[in-house]
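Peer 1: I am attaching a structure below and will ask some questions about it afterwards.
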Amino acid sequence: QFFVFCHGLLQLSQLLVSGYLKSSISTIERRYGLSSQTSGLLASFNEVGNTLLIVFVSYLGSRVHRPRLIGCGALLVSLAGFLMALPHFLTGPYEYDHSVASTFSNTTDLCQPGAPGAGANLSDASCPPHGSRENHEVLLVMFVAQALLGVGGVPIQPFGISYIDDFASQRNSPLYLGILFSLTVVGPGVAFMLGSAMLRFYVDIDKVSSAEVQLTNKDPRWVGAWWLGFLVAASLVALCALPYFFFPREMPKEWPLVLSGFPVVLLRNLRHPVYLLVVLAQVNISAMVAGLATFMGKFLERQFSLTASLANMIIGAVNIPGAMVGIVVGGAILKRFQMSLRQCSALCVLGMLLCLLTAFPLLFLGCPTQKVAGVTHWDSSGFGHHAMACNARCRCPERGFNPVCGSDGVEYTSPCSAGCSSVALRPDGSVLNYTGCSCVGAAGAARPGPCGTGCSHLFVPFVVLSCLAGILASTSHTPSFMIILRSIQPEDKSFAVGIQFMLLRVLAWMPGPVLYGSAIDTSCVLWERRCERRAACRYYDNTLFRHR
């Protein structure tokens, strides 16, 4: 029972490391200027290290000291977690455009007519020669960390489950395994809650004093302390790894799996129509879940103008518990009605159909992109990109980004592009509003921050429907596993499950986030540029983003 307890904690903290990345993905994109395709690849890269080894370890691993190997794997996972946070300590402080000169920068993004090239002092200069190299180093470290995370995770689940199943009594084994499986669902929920807590802190909390930070966490330039959660999660994994070095190896000799039988069993399973169809169905739903888990937070942030912290809170507190409820309900129905295979598959079909019906309205629950001058909205005077007559005298830097909302309800990418010439401050040094804005109608005033999408009233229906769809879809989780376990020859069981997970990894969990990220990238209407490199997306076409 102590082993089950330790293993539960270890699995939970391992999932904290891998799940935390998904909760901070939109923040890392913004901090290091990544497209969603790149960040999707990063999020699914741990599956690469995992897949390469999982089959090998599962089938040759019965003759090793399993607890000790689990401990070594856990230490690797912990190392990977610390590596994920490393880029924060390698790179300089986060830089963003601002209107008020501060201690570490005297540039401003207000409209400064007069001195030729005065406006050009802002973004064009911010391309240090080491900028692009630094970025490659960051990506390299993160991809290596993700690969290590996958490799370290290999022994944890298969060895832990087989060790428990070998030594637990027949009566208790299902209970123990049930506890572990439910923890694998709780883990990501806890990870999103951790993300929600950490992203409330400013990214450079260790490098600058709070007085110098002119951003609030509602600001689109805000970057939260994404690295902090990795340190927390990695430390937890390291703690959980320790007891494994003291568990006994002791186990009845399992009969060795003869590798000559490998291809025969493989073909026998792959030719089994029921097995193949159910696994393909699981591949489809898993690819969707993998993509959603990675980008759902980003979607909520953009559609409903939420902070990253709140978006994570919703996913961790509503959507993931909803999926858990669905899994439990599916299992309970199975047990209560002692369902046959045919009834199991009917239950799966029913769950998915109802899920589709509840998810269909989600296509329409959202608002179009806010009006952004020169990006999604053009004046009656028909000004083009950056060549607006009203701010021509300002000589705005091309790439400035510090959104302001004009009193006419149009958003401008910076005070300069709105033609604002002066700024009023609050006592604490934060911006109250901008005045003298030549592009903003009669009043000529603008407030800091984006205008928002005006979609807040649709937020609750969206969350309710998406949660309901999740509950309905996950009712088919347990019955689909039962179909596989009962339609396969008993001696092939563990092998069939191994192949099933490998197919899920290769066909769903790896490509899922990458495909989602690429689809999201196609709906971008304004890219940030960093040193001639296309970086993160500033504005999406919200309707396209939602539909795709």
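Every residue, even glycine, has its Cβ placed from backbone N, Cα and C.
On a predicted model such as this, the values are computed, not experimentally measured, just so you know.
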Peer 1: Which one of these stretches, 138-163, 450-475, shows up in TrEMBL as transmembrane segment?
Peer 2: 138-163
Peer 1: Who are the long-range neighbours of the transmembrane segment (313-334) in its own chain, taking Cβ under 8 Å and residues 6 or more past its ends?
Peer 2: 23, 182, 185-186, 188-193, 195-196, 296-297, 300, 306, 344, 347, 351, 463, 466-468, 470-479, 482
Peer 1: What does DSSP give as the helix, strand and coil breakdown of the domain 'Kazal-like' (384-438)?
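Peer 2: For the domain 'Kazal-like' (384-438), the helix, strand and coil counts are 6 helix, 14 strand, 35 coil.
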